[in-house]
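Before any comments, here is the structure.
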Amino acid sequence: MSDKKPSLRSGGSAQSRFQVDVVTEASPAPAQAPAPGPGTADGSSAPEESKGRFRVVGFLDPGSDIGSPPDVSREPDAVSLHSTGTGQTHISDSHSNTYYMRTFGHNTIDAVPNIEFYRQTAAPFGEKLTRPSLSELHDELDKEPLEDGLANGEEPSAAEEAAALMAKEAKGGTVKFGWVKGVLVRCMLNIWGVMLFIRMSWIVGQAGIGLTIGIIFMATLVTTITGLSTSAIATNGFVRGGGAYYLISRSLGPEFGGSIGLIFAFANAVAVAMYVVGFAETVVEMLNDVDALMTDELNDIRIVGTLTIILLLGISVAGMEWEAKAQIVLLIILLAAIVNFFLGTFMPTDNKEPKGFFGYHTAILVENFGPDFRDEETFFSVFAIFFPAATGILAGANISGDLIDPQSAIPKGTLLAILITGLTYVAVTISTGSCIVRDATGDQNDTVSDTVNCTDAACRLGYDFSICKEGGCQFGLMNDFQVMSLVSFFSPLITAGIFSATLSSALASLVSAPKVFQALCKDNIYPGLGIFAKGYGKNNEPLRGYVLTFCIGLAFILIAELNIIAPIISNFFLASYALINFSVFHASMANSPGWRPSFKYYNMWVSLAGAILCCVVMFVINWWAALVTLLIVLALYIYVCYKKPDVNWGSSTQALIYNQALTHCLNLSGVEDHVKNFRPQCLVLAGYPNSRPALLQLVNSFTKNVSLMVCGHVRTVSRRPNFKELSQDYARCRRWLSKKRIKAFYSPVFADNLRQGTQLLLQAVGLGRLKPNTLVMGFKNNWSDGDMRDVENYINCIHDAFDLQFGVVILRLQDGLDISHIQGQDELSPSEKPPKGSKDILISVSLVKDSDSDSCPSKTTSNQSSPLILRASETKSPLSLTDQRLLESSQMFKKKQGKGTIDVWWLFDDGGLTLLIPYLLTTRSKWGDCRIRVFIGGKINRIDHDRRAMATLLSRFRIDFSDINVLGDINVKPKKHNKLSFKELIEPYRLREDDMEQEAAETLKAQEPWRITDNELELYKAKSNRQIRLNELLKEHSSTAKLIVISMPLARKGTVSSALYMCWLETLSKDLPPLLLVRGNHQSVLTFYS
C-alpha cells in the first residue's frame, strides 16, 4: 500500500471516500457537492462529482457566507464537510477554520448532541437533521455505503414527508397562541357556562351552602386530578394537535385513543347544539316577554339556533385568529356580568325585598347553610345537575396543535382555570346563600303582622313568606332561575353574560370537534374517514371537519330534543377524563424509561382514584347513559383491535406488556420444569420463512397458542449485509409471518456453514424457560446430488441437537419443501402496493435451487440478497409440472385435512414426544377430523397382550385413538429387490478399505469422514435391514394416511458415518405420504399422574 495520505479527489479521479448530499432550505433537493482537488483550491466543481458516503443536512441559514477554504489534504477523521445553504459545500479543517466545528478537540464526522437529531420526521418546528449512523463511523472505508442517512434504518413515510413539507411551507405565517389566550381563556369560558347564572342559585336552595360547597369541591377534585394527569401527559414529550385524542392514543395506544377520539369529537359536535339551543331559548324567552315571537316557541328556537350556528361557523372558518378575538370579547362580557352580580349583592333596594333579596345577613346565611331538598331531589341528583358546569377543562388541550408551547401552556392554563372558576363558584354560592331567601312571594304586602308567629330569616327582616310552604311562589332561590338578574347591579348585563357563556362554549366546542376529528383521521384509525384529514391555509384548518360539525350540530338543533342526549354527552366527556387519568396510572405502572414528565406534581395512585371517581360520577349522573357510553367505547375498542392499525406510538400498553413479559420470564426461571407442563418448543430451520411454508404451517399447527416457535435462519454469505439491509430483511420476514398468522419469532444468524449456524441457534436462542427444546428440520431431498460435505454438516446438526438434549423432528414431503427458486410464489407484502397493471414477481433467494435444498436455510453469494418483491409488467413464465406439484404440496397443511388418519409408529420409547405431537395436532380444527392409529413392534405370539398393554397406557395418558396395530412381522427379512436398491444407494459412498493400502484408506477416511467402511456396514447390517423392512410395512399399512409420525432411528456418534445414516433416513421415508421423523430426548413428556 502507498504511504500517501488519502485526499479528497474530483474530476476523473477514482471514487472518493466521502459523499455530501446538500439539503438546505434554499436548495431543498439533494445536490452532489463539488469538492476541490489538490490542484483546484478555488473550489470549482469538476465535470462529474464523485460518490461517497456521508450526508449533511442544512447546517446553516440561507444567505450565510464563508470564505473559500484552503486546500485540504488530510486524514478522513480530520475533515469536516459543511453546507452553506447556498448550494455550495465548504471544507474546513481543525487548523485553518474552526467556525463550523461539530465536535470538540478536532473536526470529525462524529456529531455533538443536538436537539435537531431527536426530532421526528414531521416535526413542525425546525429541520430534522440526521446524525452520522454507526455504520458510517464504524464500517470499513471500502464498504458500500448506505443509500441514505436515515437513523436506525427508518424511512420516512409519504405522510411524514408531506407533513414536513406542509410545516415548512406554513412556517412564518402560522398563528400560535400562548398559555393565557390559548388555554386559560378557553378553559374559563368553557367552565363558566350558563349554569353559573341560571342554576347555581337553585342548587344553593336545594343543597344549602355547605353541601353546595361540597358538591363544588367534589366536582373540582375530579377536574383537578384530571388536570394534573393532563399536565403530566402533555409534558412527557412534544404534543401535536388532537387534544384528548392525541394524549390518550399516544399513551394507551390506538385502541383506546381511537375509540375515545371518535366519541369525544362527536360529543363536542353535539355540545355545540346544546349550547346554541341554550342561547336560543334565552332569546326566545325575551321575545316572548315582549310578545314578539315569529311563529311558536319551538320553531323560534330552531330559527334562532340555525342563524346562531351559521354565525359561529363563519367565525371559525375565518381562522383561529378571529375565533380567539371573539373569545376575548366574550370573556370580557362574562367577567363584566360576574362583577356586575357581586356589585349588586352590596346594593339591596326595598323593591327587591319582596322577591327575596335582602343583602348580606347572618340569619339568611345560617338558614341557607343546611339542605332543603324538594321535589324528590337528592344530593346526587343535584350533583349530577351541577357537574357539567365543571367540565370544559380540555378546551385548551383540544387545540394543542395551535399552541406555541403546549408542554408549558396546558398545565399552567388548565390548572389556573380550574382554580379561578372553582373559587368563582364558591363565591357565588356564599353570596347567593347569604343574600337571598329560599322562598318569596314578590308581594310587598306580605309583611310581618303581630298575629303571625314565624321564626325564619324573612320574618326577622320584616316579611312573612310562610304561604310559600303550600307552593305557588315564584321568587327566591328555589323558584326563580333568573334570581341573579334580580340581584345584579345592571340586569341586562347578566343576560349578556348568559349569551356570552353559551356562545363561548359553543364556539370552543365548534373549534375542538374538527381539530380532534382531523387528528383522528390523519392517523387513519378508521378507514374511509381520511377525507377529513386534509387541512387548508397557513393554520392547516380542518374546513371539512367544520362543515361536518356544523351539520351534526344543525341536525340536533332542528331535533331540539336534547334532554336525552345531554347526559350521554356529559358521560362522553367523563369517559375521556377517566382514560386520561388511567393513562397516567398505566404509564407509571409500566415503568418505561420514556415516561418522564417535566410536570412532577402528579401521583399514579391519585390518577387511578381520579379514573375511578370519573366512572362513579358517570353512573351518578345517569346510570343508563353511563352504560351506553361504556358499550359504545367497548364496541369501538373491539373494532380498532380487530382492524389492527399499522401504527407504533410507543404506548404504555407496549411498555406494560414488556414489563409483564420480563417479570413472568424471570418468575419462570425460578421454577423447575415439570412433565405436566412440558411443551414442544421448536427451533425450526426454515431459512427465509416464505421458502418453506409447509414446514412452518405444520409446526404452527401444534405450537400455536401452546408453545414457542422460532424460525431459525442460518445465512452463509460471503458479504455480510449492513444494518439497514438486515433490518429490512427482518421486517419483511416478520410481516410475512404476521400475514400468514404464524405465531413465531424470526432469528437469523451468520455463519460459515449450516452446522456452525445451527450450533449458535441451539445454544443462544431463547430466554430463560422460553427456550427451544426441539429442533425441527426439513428432509434433505437432493442430498445425493450435492456436495457430501453438506450432508456431513446436516447429519452433524442432528448429533449436536442430541448432545444438547434437544428432541429432533424431520419433515419429509416427497415433492420437497423449498419453493424459494419459484418466481411469484408469494403474495405482495401488505405495506407495498403495486401500481395498476403491474404484476408481482418474487426474485428468488438464489439463482439456482439451494444446495442445501429442503434441509436448511438458503446460501447467498455476494451478489445475491434476500427475497425481494419486484413489480414487472411482463408475464410470468409457465411453471414446470414438478414445480406445480411442489407449490401444491407447499400449501397442503394450510387447508383443512378432512377425515383420515394420523399413523403413529411408536417403535421406540423416546419419552413420548412421538405421541404428543400427533395428539396436539388433533386438537386443532384443521386436523380435528383425523383419528390417531398407533403402530408398535411386537412378537406374533404376544400380539393381544401387547395391544392391551398399549391401550392401557394410552388410556392413562388420556389420548384418544382409533386403533392399535402390533407389527408381529417387523423382524421378517426385507424383499431382495429392496435390499438391492439399498446396496445401490450406498455404493457411491463406500470407502472399500480392503481394496487399498491401510494408510491410504485412513487418509481418505480423514479427508472424507462420511465414507462408509466395510466394517461399519457389516456391524449395522441388521439395522439397515430394519429400515428397509419398515419402509415396506409403512407402504403396506399407511400409504393412505394424512400424516405418518414415526420414531427416528438413532446413529451412534463417531461410529455410524453420515452417508450411512442419511441412507437409513432416505430408505425409511421414501415414496410415502407426508412423514415426520421424531426422536425425543428420552425425558418423559407424558404422565398419567395428576
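Cβ coordinates come from backbone N, Cα and C, glycine included.
The compositional bias 'Low complexity' feature in TrEMBL is assigned to 38-47.
Feature annotation from TrEMBL assigns compositional bias 'Polar residues' to 81-94.
The domain 'Amino acid permease N-terminal' annotation in TrEMBL covers 93-147.
If you look up TrEMBL, you'll see 182-683 marked as domain 'Amino acid permease/ SLC12A'. Taking the domain 'Amino acid permease/ SLC12A' (182-683) as a whole, pLDDT averages 85 in the prediction.
Positions annotated as domain 'SLC12A transporter C-terminal' by TrEMBL: 692-1090.
According to TrEMBL, the region 'Disordered' annotation covers 1-94.
According to TrEMBL, the transmembrane segment annotation covers 183-203 (among others).
If you look up TrEMBL, you'll see 209-239 (among others) marked as transmembrane segment.
Panel annotation: around the transmembrane segment (260-280), residues 193-194, 242-245, 248-249, 300-302, 304-305, 308-309, 312, 398, 498-499, 502-503, 505-506, 509-510, 512-514, 516-517, 519-520, 525-526, 548-549, 552-557, 560, 562, 565-566, 569, 572-573, 575-576, 579, 629, 632-633, 636 of the same chain, lying at least six beyond its termini, place a Cβ under 8 Å from a Cβ of the stretch. Here TrEMBL flags 260-280 (among others) as transmembrane segment.
Listed by sequence, the residues of this chain that lie at least six past the ends of the transmembrane segment (300-319) yet keep a Cβ under 8 A from its Cβ atoms are 175, 272-273, 276-277, 279-281, 283-284, 287, 293-294, 326, 503, 506-507, 510-511, 514, 537, 539, 541, 543, 546, 550, 553-554, 557-558, 560. Taken from TrEMBL, the feature transmembrane segment covers 300-319 (among others).
Sequence-distant contacts of the transmembrane segment (328-347) (same chain, at least 6 residues past either end, Cβ-Cβ under 8 Å): 181, 185, 188-189, 192, 196-197, 359-360, 424, 427-428, 431, 435, 484, 487-490, 493-494, 496-501, 503-504, 507. For 328-347 (among others), the entry in TrEMBL reads transmembrane segment.
Among the features that TrEMBL reports, transmembrane segment is placed at 378-397 (among others).
Proximity of distant same-chain residues to the transmembrane segment (409-428), defined by a Cβ-Cβ separation under 8 Å and at least 6 residues beyond the stretch ends, is recorded for 177-180, 182-184, 186-188, 191-192, 196, 200, 213, 216, 220, 223-224, 227-228, 230-231, 234-235, 239, 338, 341-342, 389-390, 393-394, 396-397, 400, 403, 599. Per TrEMBL, transmembrane segment is recorded for 409-428 (among others).
If you look up TrEMBL, you'll see 489-513 (among others) marked as transmembrane segment.
Taken from TrEMBL, the feature transmembrane segment covers 546-566 (among others).
The feature transmembrane segment is assigned by TrEMBL to 572-589 (among others).
The recorded stretches the transmembrane segment (209-239) and the transmembrane segment (572-589) share 3+ CB pairs below 8 A when only pairs 6 or more apart in sequence are counted, and are therefore in contact.
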